Amino acid sequence: MTTTLQQRESASLWEQFCQWITSTNNRLYVGWFGVIMIPTLLTATTCFIIAFIAAPPVDIDGIREPVAGSLLYGNNIISGAVVPSSNAIGLHFYPIWEAASLDEWLYNGGPYQLVIFHFLLGVFCYLGRQWELSFRLGMRPWICVAYSAPVSAATAVFLIYPIGQGSFSDGMPLGISGTFNFMFVFQAEHNILMHPFHMLGVAGVFGGSLFSAMHGSLVTSSLVRETTEIESQNYGYKFGQEEETYNIVAAHGYFGRLIFQYASFNNSRSLHFFLGAWPVIGIWFTAMGVSTMAFNLNGFNFNQSILDSQGRVIGTWVDVLNRAGIGMEVMHERNAHNFPLDLASGEQAPVALTAPAING
């Protein structure tokens, strides 16, 4: 008997690299999307940290009134932010090499564009990496579909809204108080609280929280006892076990009697699909709402107050929203020559600007 030994051809360096990139045996899966994701997210994170700590004031409104956002210029963790790029730049792409100097680039808010462009590209690739890893492992692709909800929301506030408003200075600042300022101004200019898509988003987020708490508490309350009373119930589960760790029949019976029979799921798969779909669809609607309001397709506006037969104002919740919106909009426009046009023009309409007198 003759045995022939053939030496295996060594794989090229490129093939070895491809195998390492796509290997699911690595501690952290890289993937082809990860090749772009890793450097872009590292760049965005590094620039954000440096700008949050030490960036000089930015002329956000383009009127030579710089706004300081970094820690070294008097802010704290709550008030600090990476200030959006200047209104003088508008929607122009503003990399470092487009500025005459580094000082000019910093003054016009160049770090903001650098952070958001690299961040958005990074999270897009993170979404693609989720699909890629699911594909390699033979899983279904719903993880990346769920992740598309926060990705679409981030894209709406950082990219779509500035495009619709005509300037990256209208983008959301990268900070805690900057986020709240963005929300106030958004309400003042677009009446987002009266937009149906925002209402669906609120239902998605709060409803998702409620359903998550209900599901977790039901499962925890119907665990199959595998331990003694002096041991933690967590020891009753072994990773990879085939047996159910909780009694879905008991949970179904409890919840069906607590509310009514058909309010409870009797199928674990449909239950978990519902838990995933509800908040995702809600946040999708919010992202669509912000994207449409970016082009000034705003929420419902009830600008005229309700009047009685003698012309006196009947105060409603709408009047409260209108008064708050007008106040926030005026405070937002810091320079007189850029007074909000919807406040400076138009026919006079009776609006409840004073609190009703209470006689008692």
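Count begins at 1; order follows the chain as displayed.
Glycine is treated like the rest: Cβ placed from N, Cα and C.
Feature annotation from Swiss-Prot assigns transmembrane segment to 29-46 (among others). For the transmembrane segment (29-46), the residues of the chain that approach it from at least six positions outside its boundaries are 20-23, 114-116, 118-119, 121-123, 125-126, 128-129, 132-133, 136, judged by C-beta separation under 8 angstroms.
Per Swiss-Prot, the feature chlorophyll a ChlzD1 binding site maps to His118; the stated evidence is sequence analysis. For His118 (chlorophyll a ChlzD1 binding site), applying a Cβ distance below 8 Å and a minimum sequence separation of six or more within one chain yields Thr40, Leu41, Thr43, Ala44, Cys47.
Taken from Swiss-Prot, the feature transmembrane segment covers 118-133 (among others), and the record attributes it to sequence analysis.
For the recorded site, Tyr126 (pheophytin a binding site), the DSSP three-state label reads helix. The feature pheophytin a binding site is assigned by Swiss-Prot to Tyr126.
Feature annotation from Swiss-Prot assigns transmembrane segment to 142-156 (among others).
The Cβ of Tyr161 (site 'Tyrosine radical intermediate') lies under 8 Å from the Cβ of Asp170, Gly171, Met172, Val290, Ser291, Met293, Ala294, each of which sits 6+ residues away along the same chain. Annotation source Swiss-Prot lists site 'Tyrosine radical intermediate' at Tyr161, citing sequence analysis.
The annotation [CaMn4O5] cluster binding site is assigned in Swiss-Prot to Asp170, Glu189, His332, Glu333, Asp342, Ala344 on the grounds of sequence analysis. Long-range neighbours of Glu189 ([CaMn4O5] cluster binding site) (same chain, six or more residues apart, CB within less than 8 Å of its CB): Asn298, Gly325, Glu329.
What Swiss-Prot lists as site 'Stabilizes free radical intermediate' is His190. When Cβ atoms from all protein chains are considered, those within 10 Å of His190 (site 'Stabilizes free radical intermediate') total 24, not counting its own.
The transmembrane segment annotation in Swiss-Prot covers 197-218 (among others) and rests on sequence analysis. Remote same-chain partners of the transmembrane segment (197-218), defined as residues 6 or more beyond its termini with a Cβ less than 8 Å from a stretch Cβ, comprise 251, 254-255, 271, 274-275, 278-283, 285-286, 288-289, 292, 299.
Residues or ranges marked as chlorophyll a PD1 binding site in Swiss-Prot: His198. Using a 10 Å radius centred on the Cβ of His198 (chlorophyll a PD1 binding site) and all shown protein chains, the other Cβ atoms total 22.
For the recorded site, Ser264 (quinone binding site), the DSSP three-state label reads coil. Within the same chain, residues at least 6 positions away in sequence whose Cβ sits under 8 Å from that of Ser264 (quinone binding site) are Ala251, His252, Gly253, Phe255, Gly256. Feature annotation from Swiss-Prot assigns quinone binding site to His215, Ser264, Phe265; the stated evidence is sequence analysis.
Annotation source Swiss-Prot lists Fe cation binding site at His215, His272. In the structure as shown, the Cβ atom of His272 (Fe cation binding site) sits within 10 Å of 13 other Cβ atoms.
The feature transmembrane segment is assigned by Swiss-Prot to 274-288 (among others), with sequence analysis given as support. Tertiary proximity for the transmembrane segment (274-288) is limited to same-chain residues at least six positions away from its ends with a CB under 8 Å from its CB atoms, namely 142, 145-146, 148-150, 152-153, 155-156, 197-198, 200-205, 207-208, 211-212, 215, 265.
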Measure from the CA atom of His272 (Fe cation binding site) to the CA atom of Tyr126 (pheophytin a binding site) and give the result in Å, rounded to a whole number.
23
Between His332 ([CaMn4O5] cluster binding site) and Phe265 (quinone binding site): CA-CA distance (Å):
49
Check the DSSP secondary structure of Tyr161 (site 'Tyrosine radical intermediate'), expressed as helix, strand or coil.
helix
Please state how far apart, in Å and to a whole number, the two most distant Cα atoms are among His215, Ser264, Phe265, the recorded quinone-binding residues.
11
